[in-house]
Amino acid sequence: MIFEIIHKPTFTNQLLAIPKEYVVQILEKIEVLRDDPKPHGNLKKKLHGYKGDVYRLRSGDYRIIYTFGDQWVILLGVDARKDVYKGDKLVAETTDIDISTLPDVEALLAVKPTYTPNLVLPDTSNTESPLPVEITEDLLQRLRLPEEYWTTLTACRTLDDLMAVNLPGKWCDRIFDCIAEPNFDQVLNQPSFVTGSTDDLLRFTEGELLGFLLKLNPEQEKFVSWAINASGPTLLKGGPGTGKSTVALYRVRALVEILQANGIEKPKILFTTYTNALVAFSQQLLASLLGEDIQYVNVKTADAIIASVISQSSGKPNIASGDVLRKTIKQALIYAIDSLEGNLLQRQAQEQTLKRLSIDYLIDEIGTVIEAREIKTLEAYQATPRSGRAISLNKTQRQAIWHLRQQFYQLLEKQELETWQQVRTRALETLREMDNPPIYDAVVIDEAQDLDPNTLRILTQICRHPNRLFITADANQSIYGSSFRWSDVSQDLKFVGRTGVLRVNHRTTREINEAAISYLANSILDDEGMENRELGIGEISHSPTRDYIHNGPPPAVRAVNNPGDEAELLVRFCKSAAREFRLGINACAVIVPTESAGTKIAGQLSYLGLEAHFMSSKDLDLNKQGVKVITLKAAKGLEFPIVAIAGFLDATYPTIPKGTPEDEITEILARDRRTLFVGMTRAMRALLVIVPASNSSLLLEKFDSQLWNLGNRE
């Protein structure tokens, strides 16, 4: 039996630190594991002291740390540490740096229910012991750390010195893996990478190979090519952190391979997602995954495709801004009320409806319910279900909104303006009439829950064959207003296959995700069982329960009185969490509700000596030094080890105009609760939510004390 070789990042980090003259010998020993990894004599022995099954293979003065299972071997680490025995058992050697003595984030945040400035920091003098390994230029060169950090790193003598260096997470991990004994139970939870041959490892150490492909877990792997030859599209659902987007990326590679195998030498594939930030991120990952085959893939937002179609047919669309839409619909309301149809009682009921609903709600109803679903007649509108809309509307009330829509569109037309939903509908109609529409051999739609139904129909229209359409989604992550159920578009998309469901969360700890789900509570849009019954499709899944790879401290909620207190707490949290999880400050993100709040917080953190940068979705740079401060909407699809959600002191969140009806408020709160849920689930290891002490928002309360660390907060 030949065993597949897989490795963890810690292994390749440590391999780089080994002098070249020993690397070839180590790689030859790894081939022994490919044939038989089972313990044997003194050469291969079990390493006791870990929860998992960890083994070591000796290679001269070096030892290769590994684990194995059915037809696979995972390389965990490689170093020059000596064997340590207790009795006749080979045991794990304790690290010279005791990470467990570092300040505990949970204890830090439990000091007081409301933060007070200038609290005494926990004593960290026990971290002042000398580093066990001298950081030299030769070591840094082997580790390929950028020279810009060399002077600072070679001056480090203690752990505190090292933690103070503003290193990107990638380099921080590499340094720590090489100066301290890793906890291999934690290494087992790292992502796995496909090693290939040991020649690839040699090329990696010599700088010829930049990296390795991510190894999918069995649950993810089966969906990469699942139903790829079915008669209809494939839908893959799952919660945040389950790897939907990763599977979508690998699906692109599978599509390239099968299309080329079927004689299409130069396939044309579209990978689309909702935001510009996600497009840039996906482009980088696909380039790494596909190599030269990236030339066959276009990575764009759906609206970029739509704008291109419209531009080709009638020139660049003129989209009305939000302010213009509000101004126009206010004017349309006057005309609509003056020209309502029906008897006196009917006209009074219609007028009451139009006056009761807020301006934003009316714009949203016309755009996301009527236009986005291509409803062409009043009768069709009166008959259609309005999934996700908390306010129920009878036929007379819908007649009033339909009449308003006509007045609204007439006024927009006079200004030569359109809504985005109108542009999408026009693009769809244009595609249907074009003799030579832009057609892709395959289309992959990531994060489809934020797309309107007419946008999904456009992407279906430009896919040559239905079975080459692959969609990932999680209805509960919808933050842009789209709230339809899959049954709303199932007939158009012709889902005749099976829906896959991913259940293992690889990003977030159990504690963070369960607390976030508890917070989401009644805003859940999608019941998987009910949805699948509505669609008439089967489902691939192992269990209705959620599974996790990581555990950690419960997320915390703290109240502050003013922006100064908030900024000081953020500095304290970011620094202590970075130390606790052996990460640099670059691993931290502060997620805020608005750009103005983000700009203020970034300025306050920088003033207090913590480098921070506010970034919009368009100028997002994840490699930038310091704390990333981004909005809730820009954070979608991203992940950070350490996250704080803040910025609610300046204004009530969400903003609800005075006089807004109760049922409309319910709908707004449900939408923004989902938005906050998305922000919470960006956190991988530590999460802090900062709320105003004089909080009046229903969204910033009702945190379950069984799942959230509330301190003494009631």
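Glycine is treated like the rest: Cβ placed from N, Cα and C.
According to TrEMBL, the protein has these features:
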- 217-519: domain 'UvrD-like helicase ATP-binding' (DOMAIN)
- GLY238, GLY239, PRO240, GLY241, THR242, GLY243, LYS244, SER245: ATP binding site (BINDING)
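Overlay of TrEMBL annotations on the structure.
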residue: GLY238; record: ATP binding site; Cβ contacts under 8 Å, 6 or more apart: LYS244, THR472, ASP474, VAL501, LEU502, ARG503
residue: GLY241; record: ATP binding site; Cβ contacts under 8 Å, 6 or more apart: ASN505, HIS506, ARG507, THR508, ASN513, GLU639, THR681
residue: THR242; record: ATP binding site; Cβ contacts under 8 Å, 6 or more apart: LEU502, ARG503, VAL504, ASN505, HIS506
residue: GLY243; record: ATP binding site; Cβ contacts under 8 Å, 6 or more apart: LEU216, ASN217, GLN220, LEU502, VAL504, HIS506
residue: SER245; record: ATP binding site; Cβ contacts under 8 Å, 6 or more apart: THR273, SER282, ASP446, GLU447, THR472, GLY637
Around the Cβ of GLY239 (ATP binding site), other Cβ atoms found within 10 Å total 21
Per DSSP (helix/strand/coil reduction), SER245 (ATP binding site) sits in helix
Those same-chain residues, other than GLY238, GLY239, PRO240, GLY241, THR242, GLY243, LYS244, SER245, found with Cβ within 8 Å of the centroid of the ATP-site Cβ atoms are ASP474, LEU502, ASN505, HIS506, ARG507
Rounded mean pLDDT within the domain 'UvrD-like helicase ATP-binding' (217-519) lands at 88
In all the protein chains shown, the tally of other Cβ atoms within 10 Å of the Cβ of LYS244 (ATP binding site) is 24
Cβ contacts within 10 Å for PRO240 (ATP binding site), all chains included, total 22
